[in-house]
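**Student:** Sharing a structure below in structure tokens format, with a few things to ask.
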């Protein structure tokens, strides 16, 4: 474990610390840095210095934060209102079952089934929750993997190769070479090569490798501006240098990201749905409490009686048996009121949603993210790799015309390294003129990059090896093609991607390279040309090439002198491309190389000495012939503008947050329609630093603007602050990113979305969802899917809650009117978990509304169940209660109902008064109960009063069957919130019909398999009894159709009331 927080800290670079407590090495020159760290680059630290500093600063590694213990995670799973109610119900059920068990008998098995099943549900729920939360810290482990493992260090005047990177201390002198991973934050002391370029995009968000220098910069620059610093975890792509370690472990930039990820993981909020369910659980607790109290108050006379003597109650009589009986009814109420199957159905629906999203290239890592996507109001997107391809591509080419002072312009299509992706507009095909041939030759030969296909399948993507700009030039050469006269034979035997570049390199043999350096800003190669002469081919910054060019090549290959007017024409073309945020490279050549006339790469040749000294390169690259220029950029993805427009239609704001420079980012935002082509975006485009300098009120005001926003040059902490401010103002934020710098914000956002192809493992592990195709439009499709899933979840939540209201009404009515108990807890548990489960799950397959992405996102505080829906299901629930209690009373009191004969089993009829006062049975004179049949069983009663206890088994079966049938028909009502079954018939969701069949099948199973019938306390039913069940159950559809009709007629009034209420809340 790192000791990053121990000991004295004089040189820390944490932005949160006071100015005097850290050392801004980037703003000090090399000598000052050496003095501060008491070291010389030639000698390095001594062994004693290293040991002393290690005692102060600890090892160079990231801290391992101890996550919550397994016991803590398990206890956290019970920090949920619904779960706590279930736990109490299970404990009470178990105690009552244990108490009743002393009597023995068959019902003992039944009594223990209920608490054991509830405990099983709670255990499974806890296991799933612990498993999910145990994976939460993997982003921190992935961050450690990108750290360097070894470093080349100078200590005691000797070079130590492959020193473990964790042994580095501040003040160590480190040598970096091409391909090295930087082991700590370091100040560049000297360059061994002429240039040093570092790929740090994953940390800073920049789209290109960055040139490093030894020159000090201003103290208050952002991370991208620290040109003399290299940062831990980044990679050297060109050159080598000597550096001084300034920060290690948790005080490096990557260490700060580590801390921010940990901090963000500590403050993860519940999803909107979880909040709604918690609120619902609290309301449910209150309702259960009230109903249980009412049941006890109504029935207190049965277990507690007294006499009034002298105006005071005396001679209290208490029946423990009766008290326990009504306590069991209260427990049954709790079981009936809680939708035990809801967690399982929600998980199933979300899992099905993840499969649908996976088919659309959105891989969901955390199930609740599926639902949260549906109420996303803001998408904060990284630019590089998400909105753009993260593959440099040439978008415009300027070549010389047939007459002086004129240029030709070609638009180059394509957004990737795929040579077949797009073509060049108005291209002459194989008829390449001399000027275009020279441009192709320079772009192909003065180039060290390569492009290859990753994967052999047709859909395989193309990747660049080397500098992205050089790879883009080679792709342009492929699109240019070869002139007809040199096509044949040159690329035979070559099986790579770049056939044209291969042909040019075979035609013109490269014998020397003039490496790029930051002073002359160009790269040159000397080749053996077809004419036998040596030719110098040069590419580089247009301004510096023009300064060293004396001539211009025209279309036909003729050479004219470079005059002021021609220079202005070329500079105008340069300005046009630069203003569109293109990176522009110029091409030039030189045939007149007398000192290299006989040079063939021989080290003994006099000309070779010229090449060993980079100071000679500018004079060699003089009196050049300028031939053309190309504009490159990281192009926007083709499908992004349409996706941005879809977001606008769906009421979702898009904010671009990037580490890239402001001009490039603004140009891309205009291209993808975040901003209009000519819109004034002064108030919409800020750098991260400019935004952080605003007051808190101005920050909120800026973020609340309608339409798109851009934040450029953003650091990780800027991204976090923006996400945090948006969440504080009630927005549901989806954040995309691919780099290490994006990970803290991905963790903090409601939905963190990482890139699957270009994304770092750190970003993926910090995210909730990974895009398999790195495509912004996939997010928009996923949002639509999330909305559909939420609507379907509302459907089955409404269905399950309305069913539970019916069960509660049934038990309450039973207790209120004093008839025998019609439904026992284990039966209710079976209905809630098993019978209701398949239809509820099938409602998750409801087809999405056609206009789902044309509606604004729902507010995160929108109620799950509106007052009207609650009223509707109270009406439905009341009918369910009446029907289940009613069928119980009908069996005991009626020989027929609606023409259905019920006397076939031979049971005795009683009056309603006798049924309601069955507890007084032992006082009745001449009361007898006839035996009756149920299937092949015959029920006889030695004690006639047992007719209301063991004899109620047929009436209980009818009540349970009515409950199951009503809930199946009620699932048809849940197909649409307000739509009639006439406009949305059952077959629009065939899965629901299958689920209803499964549920009825399961009910038949427990009715007609003797062992199961014994457990559930039920018996088989006759055909006439099933007709009674259907007659009592079917009206639920007609009742809800009437309520839906009223709902459709009053929907406008209710919406305006909701808007007024929402406005009042906001005020």
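Just so it is clear, glycine is given a Cβ too, placed from its N, Cα and C backbone atoms.
Annotation comment: TrEMBL describes 24-98 as domain 'Cation-transporting P-type ATPase N-terminal'. Annotation comment: TrEMBL describes 81-99, 111-131, 283-304, 324-352, 870-892, 991-1020, 1026-1046 as transmembrane segment.
Let's see these features in context: how buried, what's close, how far.
**Tutor:** Cβ atoms under 8 Å from those of the transmembrane segment (991-1020) belong to residues 106-107, 109-110, 113, 824, 826-827, 830, 834-839, 841-843, 845, 934-935, 937, 953-954, 956-957, 960-961, 964, 968, 971-972, 975 of the same chain, restricted to positions at least 6 beyond its ends.
Same-chain residues lying 6 or more positions outside the transmembrane segment (1026-1046) and placing a CB less than 8 Å from one of its CB atoms are 872, 875-876, 879-880, 883, 886-887, 890, 897-898, 900, 902, 958, 961-962, 965-966, 969-970, 972-973, 976, 978-981.
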**Student:** As a quick check of your reading of DSSP, tell me how many residues in the domain 'Cation-transporting P-type ATPase N-terminal' (24-98) are helical, how many are strand and how many are coil.
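**Tutor:** Summed by class, the stretch gives 46 helix, 1 strand, 28 coil.
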**Student:** Summarise the model's confidence over the domain 'Cation-transporting P-type ATPase N-terminal' (24-98) as a mean pLDDT value.
**Tutor:** 81
